Structures are given as C-alpha cells and as structure tokens.
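Taken from TrEMBL, the feature site 'Transition state stabilizer' applies to ARG96. Under the heading Zn(2+) binding site, TrEMBL lists HIS140, ASP147, HIS211. If you look up TrEMBL, you'll see GLU208 marked as active site, proton donor/acceptor. What TrEMBL records for 234-255 is region 'Disordered'.
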Amino acid sequence: MCAAHKGFPDGAVTRDHHAMTEIVLMSDARVAAIPVTECGEPLVDVRRHGGLLVDDRQEDAAGAFAYVRAGLLERLLKAQASLPDGLRLLFVEGYRPLSLQRSYFEEHMRELRALYPDWSAGRIHAAASRYVSPPSVAPHSAGAAVDLTLADADGRELDMGTRLDADPEDSDGACYTHAANIGARARAHRETLGSALTAAGLVNYPTEWWHWSFGDRYWALVTGAPAALYGPQEGPAPEGLVSDGLDVRGGSTDA
C-alpha cells in the first residue's frame, strides 16, 4: 500500500460528499488544480485476486481493462465483502490507456458538436466531460477508477435504471447517480452499491452511477485530501502491466 494511504484509512473521508449538492464536472478547473503526489503503486490484475466478477465487454488485447491500482482493488474487495448475501460486484473496466481516453473524449466532443452546432467550444468541452473525462485528469488512465455494477449470485446484472455507460442525452439524465426518473428498485440497487463503495473509501462521479474512484484528483477534491495519490500513466506497455508489487512503467503526473 502507498505510504500516502496512511493518512486515509479504509472508509475515511474528510468531507461528506453526499452533502455536496453541486455537481462538479471533470473539466472543472478545481479538479486540474489538485496536485498529484504519485506514490508509484502498481497496477494489479483483478482477475488474479478473486472475489470480483469480471465482465469482458470492455476487454482489450492487452487485458489492460482488468487492471487497477493495488489500493483500489483492496477497497473493492472490502466493498464486496460488505454487500448483502447474494449480491456481487461486477467489474467492467479499470485502467484505460491515455491514447484510448483521448480517442473517447474527442469522439464524444464530435458527437456533441453535431448535435449542438451553436454551442461554444467551452460548452462542448464541459458537456463532454459529463460522460468522458478529459485525458489530463482521467481517473481511468491513472488506474484509479472502475466502472462496475451489481449482480446476483449467478452473475446476472441487477436493474440499475439505465445500462452501464448510458450517456445523459440518450438516458434523459437517468444515468446521473441521484436521477429522479428511475424506478424504486433501481434506486435501491444504486443505494446498495453506493453505500458499500463509499464505506470502502471510494467516491462517485455523480453523472455516472457506475463510475467510482480512489486516489485520483477527483477523489482528492471530493474528500479534501491535499493531493491525489495516482496520476495518469502514458503506458504501461502490455508487458508493463504488472501485479504483486512490481514496478509500473511510464507515466507523467502533469495535467
């Protein structure tokens, strides 16, 4: 575990993020202003550590999708253990190479420009960040974020109100974690997921019920931590995706 984790024991946060009524987008200057004190913690393969169901819908040739920082995996396993009997976390995506993150962000901005040709560049950038993080602050590219959902004991996904990765336009905003336009069952499932992950020390990106993170800039802003623990990684190359305490290759902590 990062030495930097010592000030943030499991489940501890220094600010009640449920009390925050403002939705802060990833494009907000306050996120980029958070410094990164990169602790060098390794990326680990969640498939090798058991406890979590892993979905292959985002699988890539290098298997990068299944990696997260060791501290995040530890907290996911803690959250898994706290769920009611018969429920499991279903892991969908963790680490995302910066090149892929850039591609996703640019593609979504193109889609928004086509839908809203009168919008300014700044408005397009901010709107895109509701659904895809700007590469410079992207938690997935730091190995600090996970997209996940709930499943039953047989691996069947529960009703969460929208599909995982629904965007605000297509879902009429129902992808927002606290959206009013979802059913009672879906709301209860979101609350169960959120309670377990929050207690384990993760924070949610409120425009995406499935996106949770630990140790990144957004986490630091929400919790009041003085710095992020993990910065975006330019790599690592496939052979640099390592586990069990080995070094992680590459990466800049500059925004």
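Numbering starts at 1 and runs along the chain as displayed.
Every residue, even glycine, has its Cβ placed from backbone N, Cα and C.
When the binding-site residues HIS140, ASP147, HIS211 are screened for a C-alpha within 10 angstroms of the C-alpha of ARG96 (site 'Transition state stabilizer'), the residues that qualify, in sequence order, are HIS140. Secondary structure at HIS211 (Zn(2+) binding site), as computed by DSSP, is strand. If you take the C-beta of HIS211 (Zn(2+) binding site) and look for same-chain residues 6 or more apart in sequence within under 8 angstroms, you find PRO139, ALA145, VAL146, ASP147, ASN204, TYR205.
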